[in-house]
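Colleague: Shown below is the structure under consideration.
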Amino acid sequence: MAMCSILNADDIKKALDAFAVADSFNHKKFFELVGLKAKSADEVKKVFLVLDADNSGFIEEEELKFVLKGFAQNGRDLTDKETNAFLRAADKDGDGKIGIDEFAALVKE
């Protein structure tokens, strides 16, 4: 499933443009700009499934680094600093990866 079938393409572009500079990524602001905060739990789950590239049921650190590419192919890679901050914010059970419930909770923060 393509991200643009869940979210508005213009919103995706605006959100990616807002965080084009390395070390500028803020997950709360990104989820708001991309329109994800306003989506239903089911739509948030669909976004999670797109970002879970290996279909493991989790977004691992390596997938998280490429999370912006999940929204659009021209999205940049997150820096190590951004990846670690994003993981720390979402990984509530400390297992080093983000599950669907952790992702949904992070989106709605």
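Numbers run from 1 along the shown chain.
The backbone N, Cα and C atoms fix where each Cβ goes, glycine too.
Heads up, TrEMBL stuff is auto-annotated, nobody curated it.
Checked TrEMBL, it gives:
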BINDING   D52, D54, S56, F58, E63  Ca(2+) 1 binding site
BINDING   D91, D93, D95, K97, E102  Ca(2+) 2 binding site
DOMAIN    39-74  domain 'EF-hand'
DOMAIN    78-109  domain 'EF-hand'
Colleague: So among D52, D54, S56, F58, E63, all listed as binding-site residues, which is physically nearest to E102 (Ca(2+) 2 binding site)? Use the C-alpha atoms.
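Modeller: Going through D52, D54, S56, F58, E63 one by one, the Cα closest to that of E102 (Ca(2+) 2 binding site) is F58.
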Colleague: Within 10 Å of the Cβ of D54 (Ca(2+) 1 binding site), how many other Cβ atoms are there?
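Modeller: Around D54 (Ca(2+) 1 binding site), other Cβ atoms within 10 Å: 10.
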Colleague: Once near-sequence residues are set aside, which residues in the chain of K97 (Ca(2+) 2 binding site), 6 or more away, have Cβ atoms under 8 Å from its Cβ?
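Modeller: Listed in sequence order: F58, I59, E60, E61, D91.
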Colleague: Reported in the order helix, strand, coil, what are the DSSP residue counts of the domain 'EF-hand' (39-74)?
Modeller: 21 helix, 3 strand, 12 coil
Colleague: Would you mind splitting the domain 'EF-hand' (78-109) into helix, strand and coil residue counts from DSSP?
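Modeller: Output for the domain 'EF-hand' (78-109) reads 20 helix, 3 strand, 9 coil.
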Colleague: What is the one among the binding-site residues D52, D93 whose Cβ has the most other Cβ atoms less than or equal to 10 Å away?
Modeller: D52
Colleague: Roughly how many Å separate the Cα of D52 (Ca(2+) 1 binding site) from that of D93 (Ca(2+) 2 binding site), to the nearest whole number?
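Modeller: On Cα coordinates alone, these residues lie 18 Å apart.
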Colleague: Cα-Cα, whole number of Å: D93 (Ca(2+) 2 binding site) versus S56 (Ca(2+) 1 binding site)?
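Modeller: Rounded to the nearest whole number, the Cα-Cα distance is 17 Å.
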Colleague: Other than its own, how many Cβ atoms are within 10 Å of the Cβ belonging to E102 (Ca(2+) 2 binding site)?
Modeller: 20
